[in-house]
Amino acid sequence: MARDPRFDILFTPLKLGSKTIRNRFYQVPHCNGAGTNSPGMNMAHRGIKAEGGWGAVNTEQCSIHPECDDTLRITARIWDQGDMRNLRAMVDHVHSHGSLAGCELFYGGPHAPAIESRTISRGPSQYNSEFATVPGCPGFTYNHEADIDELERLQQQYVDAALRARDTGFDLVNVYGAHAYGPMQWLNPYYNRRTDKYGGSFDNRARFWIETLEKIRRAVNDDVALVTRCATDTLYGTKGVELTEDGLRFIELASPYLDLWDVNIGDIAEWGEDAGPSRFYPIAHENDWIRHIKQATNKPVVGVGRYYDPEKMLQVIKAGIIDIIGAARPSIADPWLPRKIDEGRVDDIRTCIGCNVCISRWEMGGVPFICTQNATAGEEYRRGWHPEKFEPKKSDHDVLIVGAGPAGSECARVLMERGYTVHLVDTREKTGGYVNDVATLPGLGEWSFHRDYRQTQLEKLLKKNPECQIALKQKPMTADDILQYGASRVVIATGAKWSTTGVNHRTHEPIPGADASLPHVLTPEQVYEGKKAVGKRVMIINYDAYYTAPSLAEKFARAGHDVTVATVCGLGAYMEYTLEGANMQRLIHELGIKVLGETGCSRVEQGRVELFNIWGEGYKRSYKGAGQLPRNENTSHEWHECDTVILVTSRRSEDTLYRELKARKGEWEANGITNVFVIGDAESPRIIADATFDGHRLAREIEDADPQHQKPYKREQRAWGTAYNPDENPDLVWRV
């Protein structure tokens, strides 16, 4: 299909100093868990975006020196020749598809804890990092106040890193000053308390950054386009950088040294104000700030705001708010987003849902990222998975999939892409499984994009292969139904449900009196069904670390109920990693929801629950003989009155159908069945991203020797003395 001519402006080349970006799509720097020690992963993941039409593709934050070692988080480095060699794999792959490659020069100050290098960073003043106190970080980290000699040494570290980036082949060198990193700590009065010529007035606080840009420009000349990433407002009011004060003044002051501005808002402790989750922030949520940048510079501007909608992209470019569409998460969800716009396939875009699960993996530290929408993200190199290309089927075995949730619908989509005849059966009115329920919770409406993408693709694939079928609103299938169905391969994707009796991870037993068959006790599924009345006083018993309990609390508080949450773990603790945590806590406070932390439930009765502090038995331990606990009896139990109890304790796989079929394996051959598989939550409850991955994986590997269990993937391993597998080809090999 041809591109809609309305979008032509998005494909207009633009000069960036000595370089030219071929269109207006710019993958801003973002972490992916590869660093420089997994060059294959980095090369393949970034390269697929260049293939997909992103005109410029950047590294993640790239440490310039051991002083800014960001371990425990995995990030790139450009310290030496070895790093250059590993990064060159990405550069060459990006260039092979006609895109520019960019390197973001990172110096974190105390925000980079240097756990591996054990060095101390330098900064304008001494301060301890507010970022280092978030979950997953190692307590407080401090820097050293730089004297003039150390300041100049730091500037030279930037220059040396810029030269290494140029010699690696990068087209763009980006001095990272957003998210309270590097030069922003000198500009920002929140950090800079100096009284010499590098502190105090605006001109003095801007001096370090300006001098650094001058020195880099002299060193690299016009060999690269020079970029700086800048937070134009740190959202701290007069205590930080404000847009209409230091923000625009700095844009004007630094513009002569730059070829491109990469702008955003916020700091690092709450960088979800920039990488805004869809729960709180819509597309283009930074525009109230970014729309003013062009008045202070004549240089091109790239801005972000989770741009996933081509119409919104067109709007902001035509309005002159920004010149280039910057994106991280939308480029992860769909590496081919620009190409699909170019080819007139807008409805094929795999839209970012804004859940920030990708970010959560980096926030946890040490793990490669994942994507809820795109199961191939991070798997391109090690598994050879291309997001848009698939191996043709290797047999004529048709497949019956029972359950059209995240795992089942993704498995069906990929199998149909490969040419298999698939029958997808579900009891619900729509595909998507429990995503349909989750998307009804406050702020989570855009999570329905996960369902919508798969539904659209399945409908298209049905037209290509009329023998395929999607059967919705069906009665639950039995083992007899499946044995008689006639499919060669059977995939059970029946999902999971919340425990109806309060079984939880601390006791692995039901909570006495907790019984969701009673009118005053509900599971989340029963809340979604809406068949049970909910009383004025709602008590949520929470043993889960993610979104369900806080979302239900918000739902009922907004509806006028008095809500209390008794929670064993931090309420929505995992949401700290998805950058939803701070605003969720503000919202909980604003709505008057009462949170009882470190609190378990020992009994449920009509009209009340018995709660206890989980540490109430005291710390002293002694051996008291068989049948006796080593600590004192917990005496902190108290009764709390309520009208309705909601159990958010644990999820249990709905695997009865799978186990019945396995028990009747002797009947498979006579009924033409060769394999029965179980995937997604039906195998083990997990987040949507991992359930989707599991369905995708089975569809890719269904002809392998043991498809139920994933095949080994290619590891990027440093082995002592020799390669881990000397016969293994290190090149990227697509399974297409």
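Every residue gets a Cβ built from N, Cα and C, even glycine.
Annotation source Swiss-Prot lists S-6-FMN cysteine at C31, citing similarity to another entry. Taken from Swiss-Prot, the feature substrate binding site applies to Y176, G177, A178, H179. Here Swiss-Prot flags Y181 as active site, proton donor, drawing on similarity to another entry. Marked as FMN binding site by Swiss-Prot on the basis of similarity to another entry: R229, R329. What Swiss-Prot lists as [4Fe-4S] cluster binding site is C352, C355, C358, C371, and the listing cites similarity to another entry. What Swiss-Prot lists as ADP binding site is 398-427, and the listing cites similarity to another entry.
Features as recorded by Swiss-Prot, highlighted on the structure.
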{"residue": "G177", "record": "substrate binding site", "Cβ within 10 Å": "26"}
{"residue": "H179", "record": "substrate binding site", "Cβ within 10 Å": "24"}
{"residue": "Y181", "record": "active site, proton donor", "Cβ within 10 Å": "26"}
{"residue": "C352", "record": "[4Fe-4S] cluster binding site", "Cβ within 10 Å": "28"}
{"residue": "C355", "record": "[4Fe-4S] cluster binding site", "Cβ within 10 Å": "28"}
{"residue": "C358", "record": "[4Fe-4S] cluster binding site", "Cβ within 10 Å": "28"}
{"residue": "C371", "record": "[4Fe-4S] cluster binding site", "Cβ within 10 Å": "27"}
{"residue": "D398", "record": "ADP binding site", "Cβ within 10 Å": "18"}
{"residue": "E410", "record": "ADP binding site", "Cβ within 10 Å": "30"}
{"residue": "V414", "record": "ADP binding site", "Cβ within 10 Å": "24"}
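If you compare Cα positions, R329 (FMN binding site) sits closest to C371 out of the binding-site residues C371, V422, D426. Closest in space to D426 (ADP binding site), of the binding-site residues given as G177, A178, C352, is C352, taking the CA atom of each residue. Neighbour list (P406 (ADP binding site), Cβ cut-off 8 Å, at least 6 residues apart, same chain): G432, G433, V435, H450, G680, I688, A691, T692, G695. The C-beta environment of Y176 (substrate binding site), restricted to residues of the same chain at least 6 apart in sequence and closer than 8 Å, consists of P29, Q61, E104, L105, F106, Y107, G182, T228, R229. DSSP assigns R229 (FMN binding site) to a strand in the three-state reduction. Around R418 (ADP binding site), a 10 Å sphere centred on its CB holds 17 further CB atoms from the protein chains shown. The substrate site is defined by Y176, G177, A178, H179, and by the 8 Å test on Cβ atoms against their centroid, the other residues of the chain that qualify are A180, Y181, G182, M184, R229, C230, A231.
For the pair C371 ([4Fe-4S] cluster binding site) and A178 (substrate binding site), the Cα-Cα distance reads 24 Å.
DSSP assigns H179 (substrate binding site) to coil in the three-state reduction, placing it in neither a helix nor a strand.
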